[in-house]
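Colleague: The feature domain 'Recombination activating protein 2 PHD' is assigned by TrEMBL to 415-492. Per TrEMBL, Zn(2+) binding site is recorded for Cys420, Cys424, Cys447, His453, His456, Cys459, Cys479, His482.
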Amino acid sequence: MSLQMVSTVSNSSLLQPGFSLLNFDGHIFFFGQKGWPKRSCPTGVFLLDIKQNELKMKPAFFSKDSCYLPPLRYPALCMLRSDARADEYQYIIHGGKTPNNELSDKVYFMSLVSKTSKKMTFQCIEKDLGGDVPEARYGHTINVVHSRGKSMSVLFGGRTYTPLAQRTTEKWNSVVDCLPSVFLIDFEFGCCTSYVLPELQDGLSFHVSVARDDTIYILGGHSLQNNTRSPNLYKLKIDLPLGSPAVTCTILPGGISVSSAIVTQISDTEFVLVGGYHSDNQKRLACNTIILEDSKIEIVERVSPEWTPDIKHCRMWFGCDMGKGSVLLGIPGANKQIIPDANYFYILRCKEAEEDKEEELMTQICSQTSSEDPGDSAPFEDSEEFCFSAEANSFDADDADTYNEDDEEDESETGYWITCCASCNIDINTWVPFYSTELNKPAMILCSSGAGHWVHAQCMDLSETLLLHLSEANVKYFCNKHIDLNKGLQTPQKVMCLKKPPMKPLRKKKTMKLSTSKKSFLRRLFE
């Protein structure tokens, strides 16, 4: 095992605890940044390129038919193949925390659809589920099992917010363990089924799970209810006959009391367990090898790398599996770095040096024999990369195209992130799509008052139907502030008088004329 430091000066604040790494054909992609994505990388997915102790992050792109994927931290993530030995695969992403600390219950499928030396394009699809749908959560795991020629995904553990009916003002955002139910998910038909097993009594989160064929092993994890890290080792066996699936659980000896550990696979049957915590204030510096063979598991101690003093003395560390036996580890920079939220990063390689060289040679051979278009084989453009270097002055003076987040135009004052009105509540750090037509920028509309100015459609309380109508129709729009002013400046329309037909004169009623004698007679009669 070898440990290599990747020194950072700036822009490392994107990588915070809870991030995920995806390995597509040996290329590592970062997902789950801190905060909402900016226009420099609206997808929030980056290609990590590590060469000569320098880490570069190149923005990745999504295809036009992709759905919106928010940056999720602490999601459940696993690789899905059509069968156990298929070469093509995609990633399943479930749950996690958004930058607003909201929990997601959605499932996304992410696959690489186009790859050149200059551009990586992904397709992200949201899957709808029915049946016993798992609630929104984070800190859980998802694995894929194969049995009798069929495959099924298994979800377990995690934490969620306290139900609304049980919340109080003092503990409004408190979290609890999810129920220890095992969810079987058939993504082909979108069906979920939950199983309650007597062996699983307490909810677990930040545990470790490894799968082989039809068996999943669950190791460690933290229980909030008991404030303990489970020493148990659980064996879940899933049988997928023609009828209903059968799920059984067995408690095995030889478990490890650890939480937030990282597992990386070094061969078909061997995994390496790295990092984690024994308790809230005690890191676990020991490493273990996990061997899965013939429906059996064996956990043995492994020689740990020579941890640096910074790693030994820091209270907190985090990281993620990079695939192929490598782990990216991070520790807080504390007061040693000028930039806030900056971290130190290390790459831990668990394979032997000879195996790494063989894999590197195979990767080079595969890349040379690839069927890429020669026109797309140009090197990366520095303007599209984040550069992490050991020294700030290591860049050449002529390298003006190197990306620097501080040089980017302040989006809070220009572009889509302006304060369009007094009641504007659009914030780049908290905004989420409101209309179905939005992806990574808020919808805006031009107010025709004066020289014209742009306002957010959401701040104007425009419905999606009205917004689409205004965008298609050739009409002027006035915002809420100028609509009354516009009405006052308008010339009143000329009111057309209605032509009324002439009225016919009324005929006079004929009256009976009485003589004077008759009038006197009638007067005396009524007196």
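Backbone N, Cα and C atoms are what each Cβ position is placed from, and that goes for glycine too.
All annotation found in TrEMBL is predicted automatically rather than curated by experts.
Just so it is clear, the model here is predicted, and its values are computed rather than measured.
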Colleague: Within a 10 Å radius around the Cβ, which one of these binding-site residues has the most neighbouring Cβ atoms: His453, His456, His482?
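Modeller: Max Cβ neighbours within 10 Å, all protein chains included: His456.
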Colleague: Near Cys424 (Zn(2+) binding site), how many other Cβ atoms are within 10 Å of its Cβ?
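Modeller: Cβ-Cβ neighbours of Cys424 (Zn(2+) binding site) within 10 Å number 15.
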Colleague: What other residues of the same chain, not counting Cys420, Cys424, Cys447, His453, His456, Cys459, Cys479, His482, have a CB atom within 8 A of the CB centroid of the Zn(2+) site?
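Modeller: Apart from Cys420, Cys424, Cys447, His453, His456, Cys459, Cys479, His482, the close residues are Cys421, Ile445, Trp454, Val455, Met460, Asn480, Lys481.
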Colleague: Within 10 angstroms of the C-beta of Cys447 (Zn(2+) binding site), what count of other C-beta atoms is obtained when all protein chains are considered?
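Modeller: Other Cβ atoms within 10 Å of Cys447 (Zn(2+) binding site): 22.
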Colleague: Within a 10 Å radius around the Cβ, which one of these binding-site residues has the most neighbouring Cβ atoms: Cys420, Cys459, Cys479?
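Modeller: That would be Cys420, with the highest Cβ count within 10 Å.
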